[in-house]
Amino acid sequence: MLLETGLERDRARPGAAAVCTLGGTREIPLCAGCDQHILDRFILKALDRHWHSKCLKCSDCHTPLAERCFSRGESVYCKDDFFKRFGTKCAACQLGIPPTQVVRRAQDFVYHLHCFACVVCKRQLATGDEFYLMEDSRLVCKADYETAKQREAEATAKRPRTTITAKQLETLKSAYNTSPKPARHVREQLSSETGLDMRVVQVWFQNRRAKEKRLKKDAGRQRWGQYFRNMKRSRGGSKSDKDSVQEGQDSDAEVSFPDEPSLAEMGPANGLYGSLGEPTQALGRPSGALGNFSLEHGGLAGPEQYRELRPGSPYGVPPSPAAPQSLPGPQPLLSSLVYPDTSLGLVPSGAPGGPPPMRVLAGNGPSSDLSTGSSGGYPDFPASPASWLDEVDHAQF
């Protein structure tokens with residue numbers, strides 16, 4: 001608040017200190033500074049109070065105020081002290097800035113000319129200079145700022161690793177078991193006991209808590225992962241059981257050949273197999289055998305066991321298992337022979353006195369003539385099949 005003092009002139013007559021009248025009295029004013037009657041020729045008036053000319057002074061510098069003063073509350077100040085105390089303050093030195101002084105501004109901060117300088121090199125910044133304004137209103141020139149950033153990056157990259165001894169580690173673990181998140185005074189006590197820095201102690205507790213949390217999470221993940229694996233295995237086991245049952249049904253169904261034509265139907269239309277009137281057992285697969293039993297191009301493949309076709313044959317073998325009773329469909333009229341050497345083909349023998357037998361080619365091997373007049377069996381065949389393949393039609397029975 002700006003107040004201007006006025007000089008009041010006492011116009012009372014000389015020698016008359018007070019004039020008493022019937023209607024009232026006129027008193028001599030008292031000084032607000034010294035609390036005495038003002039008998040001077042001139043009286044100063046400020047803040048609606050009267051002052052001696054020597055009593056009206058600045059509250060800070062005690063300079064007598066004769067023409068103009070500034071007040072705040074019950075105190076009176078000169079112009080300089082008033083702006084120093086209540087005016088705009090410099091962001092660097094925190095002192096008031098008079099309104100007549102030249103200043104510099106950086107965003108919302110105001111500086112004295114001599115305070116507008118770099119805090120590192122103390123160089124006063126001029127108009128056009130590049131600088132960085134810190135959060136605490138300090139100024140740093142561009143060169144010093146970039147140098148400080150480079151040093152900080154190098155120090156961060158070359159930061160030495162802290163080594164904790166076994167005794168220090170035992171002390172920290174004991175404190176962690178007591179409280180995983182200790183208070184500040186506990187960390188200070190641990191720092192003094194172990195000789196480690198406060199920051200090191202704080203980081204150790206943070207890392208320890210993070211490790212415990214990670215271990216708990218991993219344990220839960222393993223537990224749930226094992227549970228889901230067991231569930232998947234159980235579901236896979238039940239599915240495999242169903243598949244095995246289905247495969248068993250398919251395997252049983254593959255034994256019968258309801259859609260396969262008989263050899264009589266497959267043979268030539270000359271009535272060669274028409275004299276075979278007695279049906280034989282159907283082709284069957286031994287229990288537990290793997291793979292499918294197929295009949296292709298009139299040939300019988302696979303190392304299976306069948307009945308002997310004629311008495312006195314040197315190739316007699318035990319009878320094959322009976323075919324399933326529940327399988328429908330026509331049964332083939334011809335059985336086959338099996339030999340230790342699976343590479344040999346199969347040739348059925350005809351009835352005595354009948355036409356010469358036809359050659360039946362196996363699905364996966366060469367043809368062979370099994371109806372020879374030899375009584376010794378396999379040693380009578382030549383070493384090479386090519387030498388006897390063409391002699392099958394001229395074999396003697």
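Each residue, glycine too, has its Cβ placed from N, Cα and C.
Of all ranges given (157-216, 337-396), Swiss-Prot attaches the label DNA-binding region to 157-216. For the residues Tyr227, Tyr306, Tyr315, the entry in Swiss-Prot flags phosphotyrosine at a single position: Tyr227.
Checking Ser59, Ser71, Ser75, Ser262 against Swiss-Prot, you find phosphoserine recorded for Ser71. Neighbour counts were taken at the CB atom with a 10 A radius for the modified residues Thr63, Ser71, Ser234; the maximum falls on Ser71.
Comparing Thr63 (phosphothreonine) with Ser71 (phosphoserine), their Cα atoms are 14 Å apart once rounded. Counting Cβ atoms from all protein chains shown, Tyr227 (phosphotyrosine) has 10 others lying within 10 Å of its own Cβ.
In three-state terms derived from DSSP, Ser234 (phosphoserine) belongs to a helical segment. Recorded residues Ser71 (phosphoserine) and Tyr227 (phosphotyrosine) have their alpha carbons 83 Å apart, per Cα-Cα distance. Tyr227 (phosphotyrosine) and Ser234 (phosphoserine) are 11 Å apart (CA-CA, integer value).
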